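Participant: Below is the structure I would like to discuss, written out as structure tokens.
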Amino acid sequence: MKIGVFVPIGNNGWLISTTAPQYMPTFELNKAIVQKAEHYHFDFALSMIKLRGFGGKTEFWDHNLESFTLMAGLAAVTSRIQIYATAATLTLPPAIVARMASTIDSISGGRFGVNLVTGWQKPEYDQMGLWPGDEYFSRRYEYLTEYVQVLRDLWGTGKSDFKGDYFTMNDCRVSPQPSAPMKVICAGQSDAGMAFSAKYADFNFCFGKGVNTPAAFAPTAARMKEAADKTGRDVGSYVLFMVIADETDEAARAKWERYKDGADDEALSWLTEQSQKDTRSGADTNVRQMADPTSAVNINMGTLVGSYASVARMLDEVAAVPGAEGVLLTFDDFLTGVETFGERIQPLMQCRAHIPAITKEVA
């Protein structure tokens with residue numbers, strides 16, 4: 001099973017809480033995290049894109065770096081780990097993304113890929129005059145289909161004459177082309193999103209579900225496999241989890257309870273309000289799960305809380321789910337979390353038994 005780190009491009013990572021670690025996103029922080037991840041043989045690092053935050057006492061995600069420029073910098077200071085940036089496709093023409101991706105491919109030596117997102121939070125785009133209207137919710141994957149076709153043309157042949165409803169290319173050129181096949185990833189959980197990933201993505205991200213229920217996402221992975229089978233392609237699921245680990249189950253649980261007690265209700269209210277704006281998509285979209293009050297303090301990603309041995313066991317359960325090819329991990333404290341994962345959790349995982357024993361990173 002592949003292991004990736006979802007780097008904290010926004011302030012405070014993925015905990016909407018006054019009692020969680022409070023920090024700003026910086027290049028130096030993310031460099032330290034990704035270099036540690038590479039040292040411990042993580043397979044990939046991904047950054048999201050967020051253009052407006054949730055506010056509240058913690059000013060959650062009000063402070064964000066930009067994904068492509070961050071990952072270009074990280075590509076230059078790493079040598080093995082795969083690097084993915086996220087394109088907010090309403091803000092960037094596909095020909096520009098194709099050229100930026102080709103540039104980072106050159107920086108990284110063929111280790112770069114692109115995560116495509118359609119956009120769900122209207123204020124991110126409306127503040128720049130780029131929101132196309134609420135009808136976009138129901139046609140966003142039509143838009144993304146044209147977008148990825150332009151990308152594939154330009155990366156594959158260096159030229160595009162694509163003509164569609166949203167994009168018109170007139171002998172558009174991009175050169176040099178990438179040195180390695182450019183992987184495209186997506187995070188669709190709606191039927192339309194999965195159909196898109198089945199046809200165009202190399203793999204699909206999905207949310208884990210619940211607290212210490214590592215296999216609860218299995219129906220989502222099964223839906224993705226069913227959609228991919230219809231296209232004759234192999235598109236695996238990579239599952240998002242937060243790891244909160246400590247020496248004992250009790251110590252880890254105490255941290256989790258403390259984070260929940262400090263939930264930033266004002267920021268969470270913003271998330272709930274924005275999630276209700278999309279009345280066109282189905283109930284199975286990512287944003288619906290993010291705003292569920294069950295575990296909104298960490299956006300309802302699957303959460304693994306326990307001792308190092310308990311977390312290792314639960315991750316092995318994830319690996320056993322049909323269609324699960326990898327996990328994307330967040331941590332309550334990223335620097336400590338990546339290190340303890342590499343030294344205390346990964347060596348106990350049967351699905352990572354092929355990874356050699358790794359000594360502590362030398363500063």
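Numbering starts at 1 and runs along the chain as it is shown here.
For all residues, glycine too, the Cβ spot is worked out from N, Cα and C.
Pulled from Swiss-Prot, these are the listed features:
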| type | residues | note |
| --- | --- | --- |
| BINDING | Ile49, Lys50, Asn115, Glu124, Arg140, Tyr141, Ser190 | FMN binding site |
Participant: Starting from the Cβ of Tyr141 (FMN binding site), draw a 10 Å sphere and report how many other Cβ atoms land inside it.
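Facilitator: Its Cβ has 21 other Cβ atoms within 10 Å.
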Participant: Looking only at Ile49, Lys50, Asn115, Glu124, Arg140, Tyr141, Ser190, the residues listed as binding FMN, what is the longest Cα to Cα distance in Å?
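Facilitator: Those residues reach a largest Cα separation of 21 Å.
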Participant: In the three-state scheme derived from DSSP, which category covers Lys50 (FMN binding site)?
Facilitator: coil
Participant: Please report the three-state DSSP label of Asn115 (FMN binding site).
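Facilitator: Note: Asn115 (FMN binding site) is in a strand by DSSP.
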Participant: Name the residues of the same chain, 6+ apart in sequence, whose Cβ is under 8 Å from the Cβ of Lys50 (FMN binding site)?
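Facilitator: Sequence-distant Cβ neighbours: Ile9, Gly10, Trp61, Asn64, Glu124.
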Participant: Once the chains shown are all counted, how many other Cβ atoms turn up within 10 Å of the Cβ of Arg140 (FMN binding site)?
Facilitator: 24
Participant: Which residues, sitting 6 or more apart from Ile49 (FMN binding site) on the same chain, put a CB under 8 Å from its CB?
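Facilitator: Sequence-distant Cβ neighbours: Ile9, Asn64, Glu66, Ser67, Ala85, Thr86, Ala87, Ala88, Val117.
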